[in-house]
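The structure appears below as structure tokens.
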Amino acid sequence: MARRRSRLSLPSHALSSSAPALEAPAAVVEAATSHHDADRPARFLSWPWALALGLAMLTPATMLAIQSLRSETMTVDEPVHLAAGVAYWKTGTFRCYRMSPPLIRLTMAAPVVFLGRPVVEGLFNAPGWATRQAELAHKFAALNAPAFFDLATWARLTTLPFFILGGLVVFFWAGRLFGTAGAVVGLILWAFTPNVLAHARLATTDIPTAALMIATTYMFVRSIEHPSIGRALGVGLALGLALAAKFTTLLLLVLWPILWMIHRVVKRGGSDFTGRGWLAPLGRGALTLAVALGVLNTLFLFEGTGQRLGSFEFMSESLTRPRGVADRKYGPPAIASIPDLQVMYDRRINRFKGTTLESLPVPLPREFVLGFDEQKFETEGIPRAYLDPTATEADGVIGYPVYLDGELRDTGWSDYYVRALLYKTPEPTLLLAVVALIAPLASPSLRCRLPWGDLAVLAVVPAAVLVSMTFGTNINIGVRYILPLVPFACVLMGSLGLWWSLQTTWLGRVGVGGVLALGLGGTIAESLMIHPHYLAYFNRLSGGPDRGAERLIDSNLDWGQDLLNLARWIEKHAAGDPVGLAYFGQIHPNLLNQRPDATTPTRWFLPPGRPGALTPLAAGHPVPEGPVQPGWYAVSASLVKGLPWRVYDCAGSPVYPSHAAGARAFSYFDAMTPIDKIGYSIWIYRLDQAAADRLEQARVQPPPSADAATD
């Protein structure tokens, strides 16, 4: 009998009363193992075969990502990440683009620097180069124009190991809790979720952060189940790497004590809550934190570590106070590197100046601290009263221009991320999520076998990510900001694999197996059908990708990824014809003609915007005038829906954007129906004289609800 039990593919908490600390309580274990042989769960696969099946699913997903990343242009954030990473390797300073820590940028730039050997002459000589990261990105792209798209591929490939890491952690964590069936279910969901595949191909921080958060949390959970000095050291190393990836991971420092408390209350009934029972965990926790700080500072080369807290020039509301008369003794305000932000230094000052904490040495790298301040400033926005003399504090803040369900404005929505998830998650995946929630209510056998303490731990992190992004920030520009919750959700939905294995009748196994087949097969099918345009995925209930712009834009649909595909379309359908191009992206269209494989030069020009909506970014850049002329036009969906951005003009700078496009500068194109859509993100129009005249009339009319969005 013992041998038969050892071959079952169930987790140990359902088979043995000698479970580790985070496994099911003894009463549940006894109930789970006292059934008659006929009621014992079905075996799915042995662990070697389950792992082989998991890898067999992860491999084609990785190949799909590789194939699609080569066909698309770098998105808005990627060129800046890459150029900053190159700067880190070449200069040894981390001042550039410190809005997130440097680990992922170092990783993505490593093959570019050491294998691609990019041109960087003069790139870091200009005064203030480190604070003008977008300008640095454009200059880097121009210097390396013939090879730039190949360098982009090298950088993007570095995200795939994090995608694989996330999949493996999901597999082993779900398998440990729910058996091999649960492991395979969780891994398939991770590997074929369109939102995951969309960002697994990009040189950004989103997928690495998600993978590092679940990997580090899994290590932490294992360490509190089986505490040891070695595990504490390992968790500290992992935590240091996670903190060096993105500021989102700072949530772990808040959540881990909660997870430890859950472990104590649920698993041990609160034992050892007083006295010496605290000492050993506190000691291991201190060791973990010390190692994490060491790793973080080492990655920053200890740049600015130990700077006094009161000496930082902060600008976020969280780290500043209103500047008063008594603060004149600290001298004049600092000079902002970006003139538009000078008002923050003029109106506010470091809240720790003049306090007992002013002289406290900060055990963190200077650029990490200042980067956190910049990130907080972006999430909080600028008080409207600072920019508008007629406004009051009650008028709130001016933040990112954001868009949801046809509305463009400069403040977010409390339900933005919930709606974004509902729009961009495949219906089969949503089905599995709903079934996973109700299955314990419908199945007493599942209910008594579920490791509820572990489920609580798994639910805390994604809930915290969603709540913090909803109520702690004003950034509503992409579902990518809540990607760290996805791997935890995949593990939780692995419980459906355990439910299948608990079915003791043919009808039950077919029924639950059918639901799993429908959910998993449907998720895979949705990813295959949207390939290679994963960023533009929307489920059918929301209208599908063709109507995605009615719901969401920016990185949810149009993040500049289809410029290369537009060039291929022009070569096929409009070779030699001039094309009016209003492009939402960070790649100058001039680079298209410098590709080694470019066959026909792309002729393009910037269409006229609405009157007064285009502002030259430098002297000598003429503003395109109307009227709209007949011919070909290609306009990014984000611009059609009115998002403000910096746009390019072939008659302007050959390297940088030429004009700032205000809100709704090109939204008059929404009066026409496009004849084609490139990857769903760039819309193609073909205008005859009559259509051009109608569009000109729309252009000169005031846009609807123009006062609802920021310029």
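In case you wondered, yes, glycine gets a Cβ from its N, Cα and C as well.
What you see is a predicted model, and the numbers here were worked out from it, not measured in a lab.
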Transmembrane segment per TrEMBL - which of 106-125, 426-445, 506-525, 666-685: 506-525
Listed range which TrEMBL flags as transmembrane segment, given the options 282-302, 639-659: 282-302
The domain 'Glycosyltransferase RgtA/B/C/D-like' (162-255), counted residue by residue under DSSP: helix, strand, coil: 82 helix, 0 strand, 12 coil
Tertiary contacts of the transmembrane segment (282-302), as residues 6+ beyond its ends and Cβ separation under 8 Å: 92, 94, 101-103, 106, 223, 227, 229, 231-233, 235-237, 239-241, 243-244, 363-365, 367-368
